[in-house]
Structures are given as C-alpha cells and as structure tokens.
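See structure below.
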Amino acid sequence: MATQKKKTAGRKKTSTRSKKKKSASFRLEITGAVLIAIGIIGILQLGFVGRGFFALAEMFVGLLSYVLLAGSIVLGGYMVIRRKMPHLFSKRLVGVYLIVLGFLTYIHMYFIIHNLGANAPVVSSTWKLVLENLFRPNQVGFVGAGMIGAAITSVTYFLLDRLGTNIIAILLIIYGFSLVSGISVRQFFSKITEFVRYLFSKGKAAKEKGKEVKAKRDKKKAEKLVEVEADEVIEVSQPIDASKEEKTPPIISNFSSKVEQEKAPLEEKTESDVKEKDLEMFQQESFENEIYQLPSVDILEPAKVTDQSKEYDQIKVNAKKLEDTFESFGVKAKITQVHLGPAVTKYEVQPSVGVKVSKIVSLSDDIALALAAKDIRIEAPIPGKSAIGIEVANQNVAMVSLREVLENNPKNNPDEKLQIALGRDISGEAMMASLDKMPHLLVAGATGSGKSVCINGIITSILLRAKPHEVKMMMIDPKMVELNVYNGIPHLLAPVVTNPKKAAQALQKVVAEMERRYDLFSHTGTRNMQGYNDYVKKHNELNEEKQPELPFIVVIVDELADLMMVASNDVEDAITRLAQMARAAGIHLIIATQRPSVDVITGVIKANIPSRIAFAVSSSIDSRTILDMGGAEKLLGRGDMLLLPVGSSKPTRIQGAFLSDKEVEDVVNYVISQQKAQYNEEMIPDDIPEVEGEVTDELYHEAVELVVEMQTASVSMLQRKFRIGYNRAARLIDEMEQRGVVGPHEGSKPRRVNVELPPDIE
C-alpha cells in the first residue's frame, strides 16, 4: 500500500511538472507573438496604435527606432520557435548592444551640434523634443538618438567634449564588431591596415595607368593626323578607270584599337544496373579537389604597347605604289580597305568588272619589287569578300601577349575547358579555338618559327581554364627540353615521356584507355563522353554516390619526327587509331614536328587530323605537306602562322601569342602549389618495351636455331639459307633483336648473338 501511494504521488508530481512546463511554453509563445505584432504594427505605423508604438520607440532610441522594433520581431520569433527565452547577455548579443550604444552616442552627438547647439542642456532639451514628438509627430521630426542616446551623450560630452565622445562611439562600435565576429581588436586593426595599403597600391597603379592612357591618347591623335594625310594622298592619286570614275579613299583599320576595347569577363538514359568496375575512373586523381583554385590571368605579364605610328606613313606610300603598279600593267582595280595588323598589313584590292584574279596574282613579284618588300602573300580572293588581299610585312612587329588575347576575347566561354588562345589575326581579332571541335591538331614549322611557344600557349590556356579532374594530359617530348617544365602538374596522367622507345608504349596505353572508355559507353548505353558523364551525374543523384566523371585527355607530342625514326610503325598505328576513334571518347591529339616531310606526316596521319597550324617553312613543298596548299613558305617567322581549322577551305593568318619562360614557370608553380601530381600507374610506360603477342612468321624459330648454331646473324645469311626476300629476312632479324636473341646493329661489325649454343650440341 505504501509503495502504491509513493507511485501515485510521483505520477502527480510528474504531471504537475509537465503542466507547468506546457503553461510556461504557452506563455512564451503568447509573449513572442505579442512582440512580433508590436514590431510589425510599429514599423508599418498601422493606425493610432502603430503610430503610438513607433513614437514610444522613437522616444527611447530616436533614429534607431526601426532597429528597436526589428529587434522586437526577432526576439518574438525566437520565443515562438524555440519556446524559451534567449540568453540576453551572451557574448554576441553584448556585442550587438555595444554597436547600438556606439551608434546612439554618435547620432546624438551629431544632433547636439547641428540642432541644439554646443551649450544647450542635453537631457532636458531632448526630453522637450521627445514629448512634443510624442503628441505632434509630424511637426518635430528628428529627435536624435532619443533619451537613451541623450543620457549617454550628456555624460561623455561633459567629460570628454565632442572629439572624445566621437572616439568613445567608434571604440564601442569596433569592440562590438569584435565580439560579434569573433575577431580580436588587434586582428581588426591589422585588416584595416592591409586594406589601406591595398587602396594605396591601387591608387599608385591607377596613376601609372593614367600615364599610359595619356600616352595612348597622344598616340591616337598622331595616328588620326597621319590618317588625314594618307586620305589626302590617296585622293590626289590618279584614277585607274579612264571613264572618270570617282575614287573613294581606303578605310584604314588598326588592330591596336581592338586591343584597347573593353575586356571580356573571364576562369539524358534511364538508370540500369552497372557493375562497379564500369564506373571506376582514374581513382583519386579524377575526383574533384574542391579547394583547387584556377590560376588568374593576372599571373601572366601584361602586353607592352608597341609604337606603330611609322606604319601609317608606310601605308600611304604603299597605297600610292600599288595603284601606280596596277595602272602601269593595265589592271583596273582600287584599294578599298587597309588593315594594320601586329606583323602584317593587308591591302584589300577590288578589281573592276572583267579583270581576272589570276592577272593580279601573277603580278606578285612585280608588286614585291614596287613595295621593296622581301616577300608578299596574296590571298585571292578573301573569303566572304569580293576583294583580293595583298599582305605586306610591317617594319615594326607588335608583340601579341597571351594575356591580352585571353582578356580581349568576346567569345570567351569558361565552360569550354579546351578553348585555347592562338593569337590575333590581321584585323586584330583575338583568335581562339576549341580543341574538342578540331578535334585533333597538327602543328608544323621550321626551327625558331614559334612552334614551341604555340604549344606552351595551348597548354597554359588549358591550365588557366580546367581543373585537374576536368582535363588530363599525356606529354611526349623526345627533345627532353620543351615540356619537362610541366613535370609535377596534377593534370598529367604520367611523367613527361622523353624516351622515344617508350613513346610508342605510352600511345598504346592511351589507345587502351580509349578502348576502355568505349567499353564503358557500351555498358551504359551512351554514345560519347558527354553522354556518359550525364549518365554518371544521374547515377550519383539517384544512388547518393560520388562516382567520378570522365575527364578530357589531351595527348601532346612535341617532335613526331624523332618518334617516326625509332618506331614508325607502332607510332603511326597508335596515332591513326586515336585520330580515327578518340574524339567521342574525349581524347584529343596535338602533334608537332619541325620536319614536315611525307615520311613523318604520312598520308594516313594527315587524313585523320583535319586541323593544322603551319609556321614558317623553307619550301612550298613543306607547306603543301602541312596545308595541302602553298603559303607557309612566305611567312615571317616569330609566331607568324596559318591556321586551317576543320571545315575551312582557306587558312587564316595569325600572329601567335607570345608566352615567356618565366610566365610558364609561374603558372606551373601556381598549379603545383594548388595540388600535387598523382600519376596513374596504369598509364606510366614500363622500363622494358612490351613485346606484343606471338611471332607470326613460321620461319622465326628455325631462323633462331640457325643463328644460335652459326653464332652469327645477318640478313643476307637468312636470305640464302631460307631463300626468302630481303624484307622478310630483315623483319626476322628485327624480331630477334626485340626479343634479345641478337644484339643491335654495330655498323660494319656483325651482330652479337646473345644466346649461346648448348654444350651437348657443341
């Protein structure tokens, strides 16, 4: 009985506590709702009650009455949602109080000086204004910071005067921000110091920029004066047409005006069961590094302005000479427009009706003689225009930097990870290309023509746009000096391959990766890399997984000629397979060579790589090997190139973007500082070259027995013994060398046989 009484008493106590708790929470909800209502009605000043609430708030805090009413709404909302009173003296709330007190003090100090007068009694004067405002709000208006502000300011103003009061207000605000943000006062002042230094440096830079702008403005004025003189000279020249045709002066455009324009801003299939191995991809290196930051374009050096004012004098002289030359040969034509480019000036010549284009083209040597130019290039006709272009080299070449091409590109699209910067065309337009639309690129040119700088510009463009999980690279550099600077960047699948014998193996591994990707596509029912990545996104959303997407792979071969000398068959087969099939798998080739002969750039390779860049070459034969047409033999070198993109019938002349070694190192160091390289073991070439499959020649084993027995090896010996041709005998010797049966060729000495004759046979 006693136990039952205790249990009953315990239950009564528990129920009493729960009732009290519910009652307290209910009271808090009611109080919170009332505070919210007061705040909203007061802020909106709804009716007599709303105006009364607002006037009361104004009586206490004056100009900060809206802040007080908003605080009422926040406090009420907290009480309704959390059903408890907040800790009103927590660290952050104390900081808020100090900020409000600081503003109240500063506002009321301002109110005293400008409204009451410096000698007026603070509290009594404020009280009179507050009472008047309470009953006649529309007649008084501004009451400073209310009675709370008056009480604080009266003390500080009496003790510290105006300046001291303002200092106290600022210190209260700073210390309040420190408590709210958790930043110490020392850190706060250090941040302010850094900001002041930043503003000072910006002001200094703006001052220097102003000097540059002034210099450019003076240059433009000089150019306009020269243009006026050029127009006058052209107008005075004799007309070509005998029928008194009215001559219009040519329009002269300058590429530098486009450089100074405003910069452009820059960086699905139903779900099916898929095996885990089909969703694996590059393991760690393909997962997104969320803290990786792309390099800024500011890491590159700004372009140096080149003075080309003298070129305008030459333009008017050349225009007169061209007209005189055409007239002397009986060709009726007129110059309609002149484009001053970075390295070349193009004169657009419009022939009259009945004048054959071939007649003007045949005058190329005479035009070069008249202009005293070392060489000219004639574009007949200009695509999309009824005019012929005569390109003449400038006296002063204006350098085009990679930074200005990236900054002044209106077609810049940060989502295109393989968009590369090439340079500027003759009209001054920034030339960009999308590697995924090319889809492969052949770069050829003589030594010193700018080929390596172009390759560095392409790689740097990709590093500035793409993160390591978005684009991977395989670099092959038999020269061992051009691409080694990129060792260690996280975008590499494997270290830069410098051994020509391993290059074929590296290309075969890329081919194997391509086949693996197509196997993934077949398992997931997708057709290309974009479709597969969309599939993986859906798979991750449905299964809450984080399977990596496939990155682009860019294979860069810096010197194809060296590879073709060492292992031409294997290299050509791998390049051909990649060129034919790799586009849909997201794999793209960039192949460079300085010897554009047919034994290096074979017909099979050229047929499968439609986009080409030709730098200066020594002969028209080399130009035809690259572009299937002449023109590259007339280029100037130092970055002067012809771009023939896929689908285009005529090449575009471009002055390539320059990139210094220091800029390349700066970009590489920044990228490495963001993320270290994590090479894929499966993509690193082995130390020992792979021997593919079994021997297909049925005479191989008999030939090995003969060589071991005779302890000598030669092609002629195999020809005599087996009565076979030279080619077959040479292939057998090469197969034995690859498998280690015989040693390498040593000139006039016989090959060394590495396999000894067994003792019992001796």
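Glycine too: its Cβ is placed from the backbone N, Cα and C atoms.
Features of the protein shown, as given by Swiss-Prot:
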- 1-20: region 'Disordered' (REGION)
- 30-50: transmembrane segment (TRANSMEM)
- 61-81: transmembrane segment (TRANSMEM)
- 93-113: transmembrane segment (TRANSMEM)
- 140-160: transmembrane segment (TRANSMEM)
- 163-183: transmembrane segment (TRANSMEM)
- 184-762: topological domain 'Cytoplasmic' (TOPO_DOM)
- 428-624: domain 'FtsK' (DOMAIN)
- GLY448, SER449, GLY450, LYS451, SER452, VAL453: ATP binding site (BINDING)
- 741-762: region 'Disordered' (REGION)
Tertiary neighbours of SER449 (ATP binding site) (same chain, Cβ under 8 Å, six or more apart): PHE615, ALA616, VAL617, LEU635, GLY637, ARG638, GLY639, ASP640
Protein Cβ atoms within 10 Å of LYS451 (ATP binding site), excluding its own: 26
Beyond the flanks of the transmembrane segment (30-50) by 6 or more, those residues with Cβ under 8 Å of it: 57, 65-66, 69-73, 75-80
Model confidence over the topological domain 'Cytoplasmic' (184-762) (mean pLDDT, whole number): 81
Candidates GLY448, GLY450: member of the binding-site residues with the richest Cβ shell (10 Å): GLY450
Output field, ATP shell: CB within 8 Å of site CB centroid, site GLY448, SER449, GLY450, LYS451, SER452, VAL453 dropped: GLY445, THR447, CYS454, PHE615, ARG638, GLY639
